[in-house]
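Everything below concerns the one structure shown next.
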Amino acid sequence: MIEKLEGALNIPLAYCNKVRLLACRLYQAGVEFIDRPFREMTENPGRTPNGDITRHPLVIDRPQAKSVAARIEYDAGVEIQKKTRLVFGNEGKLHAVYLRNGTAKLIDKAPEIKSLPPAGPAGGANIRPARGEAQGNLYLWILIFHSSLQDKVMQLIDGKAVAAHFKARIAEEVTQLKAESGKTPHLVAILVGNNGASETYVAHKVKACAELGFESTLVRFPDTVSEEELLRKVEEINANPDMDGLIVQLPLPKHINPDRIMETIAPAKDVDGFHPINIGRMAKGLPAYVSATPQGCLMLIEHYGIETAGKHCVVVGRSQIVGLPMSILMQRNTYPGNCTVTITHSKTANLAEICRQADILVGALGRPEFITADMVKEGAVVLDVGLERVADPSKKSGFSLKGDVKFDEVAPKTSYITPVPGGVGQMTIISLMQNTLLAAKGAIYAK
Ligand SMILES: NC(=O)C1=CN([C@@H]2O[C@H](COP(=O)(O)OP(=O)(O)OC[C@H]3O[C@@H](n4cnc5c(N)ncnc54)[C@H](OP(=O)(O)O)[C@@H]3O)[C@@H](O)[C@H]2O)C=CC1
Ligand SMILES: Nc1nc(=O)c2c([nH]1)NC[C@@H]1CN(c3ccc(C(=O)N[C@@H](CCC(=O)O)C(=O)O)cc3)C=[N+]21
């Protein structure tokens, strides 16, 4: 148990003159407010000169959690222009800095602080957050961890960066495939109706195809399309040797049975991995197309070298496309895997208590910000699959994207966490592309 966290924050703040600094506050574990705002600067709205918050003494007795967060709040429209110097006393360690626009959107990824500042009287670090033109208020969060937790500090899993890494690899393989066999991977997406979220996801997939040198075809139907007509289209694509992968975007209108559609897609073209044959082969550990989202989660785990053997993995949600395959994958006798898995759902009793036992917690229930700090064990790995549009009048689009995890309060307790957006969703697209490449090569099912 940590007795005392001592240090000082030395935060010279530079900001442009069209905005004002609202406040700088300290939190414990991102949850509890532990100090009154240590400098309120609400006078002179509209024109505030550069200001300093200097050596605010930071002494926290017996912190319940092992981290504190300072939150610096700015008015809308800020550009942070200058370096901010942080200085700690003998205990604190800077862990992460990130910018948030409002409370929702991560507008700058966690700060790539290459090395943590050393503990000791002169410990400190310069940070230079990227310029952010905020639509709403801007918050600069600074997480400070106790030095004894050095090996446990939270790391933001950067789905975008990992996706970029895999994109480069896939693009290279496509070039090679084209040179060797003249084959271009070809993904077909069927989109029924014009649900806004589905439109966005399908657009992302089409864009990824273009970026990676794949061919793509988007087939659209009105939501009045009959099941028979849709099945005929699926069969036509099955029979076309030029088309390697086929996805039918979910959800489908109520009058269409998704299972019938999924079962009609040829297993060899089922790059979503939703066909019973692919799910069965995946469960048996045979070569199969693995459902893109759980596969993406695994790629993140692997990329960050997160240990899984012997860990308790709790999956919240049992859907056929996320929760269920995720739970199967995490218990396999391989890496990532070898977890003891608990799968939970809407009828689960004592959900919070079960979540608190998780070393690896996967939120895949589709309830915005359902998973709160009290449901998460200190040091847990949290993968947030949820992606919901929540009405937000401050946004041009009228909504903001929310995950299943209440990020701000959960993040400081974790060892790794994925943001939304910019986390798991990025990898879903990548694994879909990877499956399509495998299909083009005939790697899972010989051509
Ligand atoms: N980032 C990405 O790439 C992807 C994100 N998603 C997002 O993930 C989320 C889940 O998607 P999906 O799996 O398709 O959703 P489904 O609606 O098919 O499944 C949700 C699951 O969560 C369970 N659940 C719902 N409410 C609760 C609750 N209060 N407590 C415990 N369990 C609950 C349900 O239980 P029950 O079975 O009892 O009904 C169900 O098993 C959505 O937000 C979706 O948008 C989905 C796919 C890809
Ligand atoms: N047959 C089928 N296959 C699917 O793979 C499938 C589906 N149906 N139905 C819906 C879900 C959802 N899904 C996502 C795809 C991309 C992002 C994605 O790109 N997310 C980014 C950007 C989000 C944004 O800005 O809108 C992110 O989280 O950073 C998210 C979610 C695939 N799904």
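Here the Cβ of each residue, glycine as well, is placed from N, Cα and C on the backbone.
Going by TrEMBL, these are the annotated features:
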- 157-272: domain 'Tetrahydrofolate dehydrogenase/cyclohydrolase catalytic' (DOMAIN)
- 291-441: domain 'Tetrahydrofolate dehydrogenase/cyclohydrolase NAD(P)-binding' (DOMAIN)
- GLY317, ARG318, SER319: NADP(+) binding site (BINDING)
Intrachain C-beta neighbours of SER319 (NADP(+) binding site), sequence separation six or more, cut-off 8 angstroms: ALA364
Same-chain residues at least 6 apart in sequence whose Cβ lies under 8 Å from ARG318 (NADP(+) binding site): LEU324, SER327, ILE343, THR344, HIS345
For GLY317 (NADP(+) binding site), the three-state class that DSSP assigns: coil
Predicted model, mean pLDDT over the domain 'Tetrahydrofolate dehydrogenase/cyclohydrolase NAD(P)-binding' (291-441): 95
Count of other CB atoms lying within 10 Å of the CB belonging to GLY317 (NADP(+) binding site): 23
